[in-house]
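Listed in TrEMBL:
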type     : residues                               : note
REGION   : A:61-114                               : region 'Disordered'
COMPBIAS : A:67-79                                : compositional bias 'Basic and acidic residues'
COMPBIAS : A:101-110                              : compositional bias 'Basic and acidic residues'
DOMAIN   : A:151-400                              : domain 'Nucleoside phosphorylase'
BINDING  : A:R191, A:R235, A:I236, A:G237, A:T238 : phosphate binding site
BINDING  : A:Q314, A:R316                         : substrate binding site
Number of protein chains: 2
Amino acid sequence: MREGRELCYFWDSLVAFTLREAQIEVLLGLRGGASGRGDDELEVSWNSSFGRMTVREELRGPAGAIAKEKRQRSERSEPPEVPLSGRKAGPSLHMAPGLSNEKKTEDGQSSRENSIHLCNPHLEKMKEDILYHFALGTSTHDFPALFGDVKFVCVGGSPSRMKAFIAYIAEELGLGSPGGDYPNICAGTDRYAMYKVGPVLSVSHGMGIPSISIMLHELIKLLYHAKCSNITIIRIGTSGGIGLEPGSVVITRQSVDATFKPQFEQVVLGKTIIRSTNLDEELAKELLQCSKEVNQFNTVIGNTMCTLDFYEGQGRLDGAICLYSEEEKLQYLKEAYDSGVRNIEMESSVFAAMCNLSGVRAAVVCVTLLNRLEGDQISSSHDILVEYQQRPQKLVGYFIKKSLGKV
Amino acid sequence: MREGRELCYFWDSLVAFTLREAQIEVLLGLRGGASGRGDDELEVSWNSSFGRMTVREELRGPAGAIAKEKRQRSERSEPPEVPLSGRKAGPSLHMAPGLSNEKKTEDGQSSRENSIHLCNPHLEKMKEDILYHFALGTSTHDFPALFGDVKFVCVGGSPSRMKAFIAYIAEELGLGSPGGDYPNICAGTDRYAMYKVGPVLSVSHGMGIPSISIMLHELIKLLYHAKCSNITIIRIGTSGGIGLEPGSVVITRQSVDATFKPQFEQVVLGKTIIRSTNLDEELAKELLQCSKEVNQFNTVIGNTMCTLDFYEGQGRLDGAICLYSEEEKLQYLKEAYDSGVRNIEMESSVFAAMCNLSGVRAAVVCVTLLNRLEGDQISSSHDILVEYQQRPQKLVGYFIKKSLGKV
């Protein structure tokens, strides 16, 4: 690692921010990575405005920015980084041993498996970890036995849709149970529902950033405790489209905020940190190719706007509160379209940010239930909406089959 | 109305904001109110920082700030406002007739009933209103017949808890159904669950601000379409306590954000508007008095911090991501305590803001499942947690009984 370089290596490493009024201390605890395919990077920059501190965290790593990283290297005419196998830990105030489920082959070399990266050194000190909103815990459940074989995690807002998905994928993979019933693994709570068949886990996340954020914290810890590797997480959801025929499927290139920026503002101890919302470009392309092979509905790759509110936040005129005109709404939606936004939903930004930080390959695949340039109310018939909602399931189901060599 | 006064009368009126780069136009469409108990006020102020527009909206109205308003008048040595019965509409570009379910008595005078105030003129133009996330619509359901007698709405995160509450309150009010079963009015969807018995509606809202916000938009429209009046909405939930014995119940004085300010940032068409999160002081005192009469558990009035995240946002050390130390966490929680915060949850700010704007009396009553100064994991036994979760139900059940003269 060269001194003074703005990009710092980040692999199984820990960053501790101490934010105090006008001062920022960034404590970088670095540990040598040995993934065999180059190290990941954490970009840290910051600014302070009006007494409010903003820290930009951008992890470029296994979760999708590899292509971008290579492109940047090429633009800078730099050689690719030499894999730093066996690199020693740098000086660190907060060393976090064992925070990756890195696997060794018989000759002691690291394999190419991508394990879950927990950005939290405190967990190692805990004797037990209770995943409260899943009603699961490490001292009451054998996570490696229950979940160790998981390779694909599909998440979506509605519990019943995620139950329907597990039945669908079971059938597709030839793993259907005789009675066709799949027990809810989180039966001890009604916060989330979780189903599993073979290497596929299906989890509901409710609506909105906070709801999916709680689920993802506990899901990432679940996968870590289960020693899972090479995980792909895909959100299959519904959304409002912009300039697309209803029923079109959007694979998210970037999740953008309400000002069309590809970032997520996370408030940590009262301070705002900005996180990258990049998603895996290669995975998006693979999914688009799958859609061409399925050939049943229109699918595009585009940006997805993620909002904190369904009504005012998305410019709807039909909420209980609306203090703007139809012209202002349409201007906003057209600006979104011009910036590359093709659909609007409420979970993708924190989903992308957390998968990025945890080193998990991730994608967002949402069907559009209406064209927001033409209206706000979702007034299609129940049957049409049900068919629309099956489209991301079909696409992702085909992708999983293809990944497992079953197509 | 006096010209130049910073507070503008607001009753059945419409405010349209046009936000354009560095300019703000505030179009105030005013319509005379005739509530018989003084008019409500909307305070509008704004500032621009770093290209980001912030508009402060504060409605002082029937939803709980009457005492505060009176106090401010007293401090300014101003006489109380004379009720402006029959006041004519001022000049307005956007007149919104009929946006209140104002009731007239036989002699044409307005009664003292508090009806729902819809801050949205567009709804009047709609032939049909589909409440998508409730699976209800004005052309498929008779809202006045179904909901016209509702006086109390209790909302909480978990669908099963809200079903348990309706069974409990039915029993308490002597309205229990023979089989003890209460159908889910929103059976056509799994986004929310809704139950009704007599004048009490019980609705689940999921977790987090976006999830409760969608529910409240549709709930407020439901109550408006049903021509309900004199509504009290109470959130009965769970929370993390600060400096309180687990199992204590907190009645929220003010909902504050992660920087301990009593405000809610609502993003509208990409711009941030700040809304007041005041709650009804009198209602909070009534609830505290009820708790004394119930005399089964510790209850306090305190501030409630509302966050967008359960783990990093609340300073937990046990999430999948945690980049701060235990000392920093404790310092943050102690600062929260010193500012008057007694518990932390994830819905109260938008709940207060939307009830404020809609002229609905509102309160937040949450039990604390743990003391955050002593830990992060919710590790109490299932039975203890179930008993804790019944406490807000008991308190609010008693309040409803007392309000109906059944104690």
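Note that Cβ sites are derived from N, Cα and C of the backbone, with glycine treated the same way.
Residue pair A:Q314 (substrate binding site) / A:R235 (phosphate binding site) shows a Cα separation of 20 Å. For A:R191 (phosphate binding site) paired with A:R316 (substrate binding site), the C-alpha to C-alpha distance reads 28 Å.
Predicted-model confidence for the domain 'Nucleoside phosphorylase' (A:151-400) is 97, expressed as mean pLDDT. Binding-site extent for phosphate: residues A:R191, A:R235, A:I236, A:G237, A:T238, maximum pairwise Cα distance 20 Å (rounded to the nearest whole number). Cα of A:G237 (phosphate binding site) to Cα of A:R316 (substrate binding site): a distance of 19 Å. The least crowded of the binding-site residues A:R191, A:R235, A:R316, judged by other CB atoms within 10 A of its own CB, is A:R316. With a threshold of 8 Å between Cβ atoms, none of the binding-site residues A:I236, A:G237, A:T238, A:Q314 neighbour chain B.
The two recorded residues, A:R235 (phosphate binding site) and A:R316 (substrate binding site), show a Cα separation of 24 Å. Each residue contributes its Cα atom, and for A:R316 (substrate binding site) and A:T238 (phosphate binding site) these two points are 16 Å apart.
Applying an 8 A CB threshold to same-chain residues 6+ apart, the list for A:I236 (phosphate binding site) reads A:C154, A:V155, A:G156, A:F165, A:V365, A:C366, A:P392, A:Q393, A:V396.
Sorted by the number of other CB atoms within 10 A, the binding-site residues A:T238, A:Q314 start with A:T238, the lowest. Cβ contacts within 10 Å of A:G237 (phosphate binding site), excluding its own Cβ and spanning all protein chains shown: 27. Mapped onto three states, the DSSP output places A:Q314 (substrate binding site) in helix.
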